[in-house]
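Visitor: Okay, these came from TrEMBL:
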ACT_SITE  A:GLU45  active site, proton acceptor
ACT_SITE  A:ASP56  active site, proton acceptor
Amino acid sequence: MNRIKQKLQEDKKILSIYFTAGYPSLNDTVKIIQDLEKSGVDLIEIGLPFSDPLADGPTIQASSTAALKNGMTTTLLFEQLKDIRKTVSIPLILMGYFNPVLQYGVEAFCKKCEEIGIDGLILPDLPLDVYLAEYETIFKKHGLINVFLITPQTSDARINAIDEASEGFIYMVSSASTTGAKEGFGPEQSAYFERIASMDLKNPQIVGFGISNAQTFQQATSKAKGAIIGSAFIKHLTQNGVDGIDAFVGQIR
Amino acid sequence: MSYHADERGYYGEFGGAFIPEMLYPNCEELRQNYLKIMAEPSFQEEFHQLLKDYVGRPTPLYFAERLSKKYNTKIYLKREDLCHTGAHKVNNTIGQILMAKRLGKHRIIAETGAGQHGVATATVCALMGIECVVYMGEIDIARQAPNVARMKMLGAEVHPATSGSKTLKDATNEAIRDWINNPVDTHYIIGSVVGPHPYPDMVARFQSVISEEVKSQLLEKEGRENPDFVVACVGGGSNAAGAFYHFLDTPEVGIIAVEAAGKGIHSGESAATSALGKVGIIHGSKTLLMQTPDGQITEPYSISAGLDYPGVGPLHAHLYTSGRGEFISITDDEAMKAGLDLCKFEGIIPAIESSHALAIFKDRKFKENDVVVVNLSGRGDKDLQNYIDYFKL
């Protein structure tokens, strides 16, 4: 069984952490993954850096620019990850923009992910209709879960269509924003969390955007299965390098 | 076969809407309404009234007699340089501001490279009394000071884009991010036939007034609606889309798109997307795009700020790969000389973008009786400093 699905069956709230591969230093990737697993994180999103990350706010943009400057490429990331399954068993998701995947070749990319032991992909600019028409069979053939996003503006009808096309979980963007733009939640989010919880979707939801500490993690997971921290962790890496990852995770829960 | 967008916004394999879910409601609202709104008689009436009284349309189709003699063919210039604000850009911003009003939007955002689209957007926002924010790369702000001042005088806020390479593509990223953060009250006026569906089709339709006028003007002057060739420069490709629009499905009209070769196609400093690009995704559209083998978007170069976009509109990608369009690339030097030629032969100072289109006549020969319409997309006032530096005037 896919490691993501297995993890989601556990009776606990899921903590997922995002980081950009190649940041702060080119060869930090494996150590960050190992330390996150040791710290008790449930799921890891490895960011494939892109020159034009248009859904990201300044923090993740800057980490992408730095990672590319450090020399990160798709091929190099796969090289760094080739033995990762010898040391960790945590579910791993690759997250990035669609163009680098397209250039690598979608089929070749998915095949490589399967060889390495990647469990899922999040490609925010690969739209639902294109995925279903052109890529679903390739993803499935290589055992990859494709994760879709929903936002407070997504209509019920579209959420149902996304739920239908998903297996694993739905990435619930907490507010209309780029990553790291807003901190904390207001009444608008509570109403949105409520609305989604009442829809009784077949896939669990994991909330992302705006989660940075224990308080926001608790708020986000009051209704949802889990929460994702991205920009706050990148800031931690900027300030501390790869030291103290366990302390960062420890203060979340 | 049609060269127009299908209902999903595809031109052959190019186009579509490769956008994150955060942008889906905005684009979907536009997609569901743009054709309906454009078809409303009150919209058409207001649009054409403004094009006439405010922009100064129809722009002349001028027979360039001395230039024609020099190249031994019949050259007509479509004088978009005479539009209010100095270029064709305003045709689109007039259309989109009326669209935004009908969609109930209270705030306008736009991206700009050289500042021409930013000025055209700030202009229509002032006209309508709507808040306007223009994103412009930090580097472009420094090198296009007069246009920054124009936008400010017109009441727009100019936000520097400080990410990435700090030029047009980054300004576009910033505008898209603004739209993600303001999904309800804001309309994004994209300045070219790029971006997610329905933008390429919508912008092309607003610019199509260019070829619509060419047809009736040519009928009057030559007794026929169709020229033998239409020539236009292509960065993102909005003036070209407008000049080609009503001839796309008329195979007897040759379509010539002129790209900026910069310092030479293989110099590493070029913006010739058809020659150097590969299929990829930029700003929500699948198209030809200059990028590294790893899929990172690269920074193009041209002496003309309006042509240095790393992609090309999906319509043009389709015209190129299908063979419908003839693509020619012109270097900085060739363009600058052609620009000066137009000054000397016809008394018209062209924008450096348009000079690229004029530069093809040196090597691309036409028959004596061929009617060749060149879209003179903009005037050269904004480029004076470039001309001064280049020719040491």
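Any Cβ shown, glycine's included, is placed from N, Cα and C.
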Visitor: Do me a favour and check the Cα-Cα span between A:GLU45 (active site, proton acceptor) and A:ASP56 (active site, proton acceptor); whole Å is fine.
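Guide: Cα-Cα distance, A:GLU45 (active site, proton acceptor) to A:ASP56 (active site, proton acceptor): 15 Å.
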Visitor: Whose Cβ, among the active-site residues A:GLU45, A:ASP56, has more other Cβ atoms within 10 Å than any of the rest?
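Guide: For the active-site residues A:GLU45, A:ASP56, the Cβ with the most other Cβ atoms within 10 Å is A:ASP56.
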Visitor: Which state, by DSSP, holds A:ASP56 (active site, proton acceptor): helix, strand or coil?
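Guide: In three-state terms, A:ASP56 (active site, proton acceptor) counts as coil.
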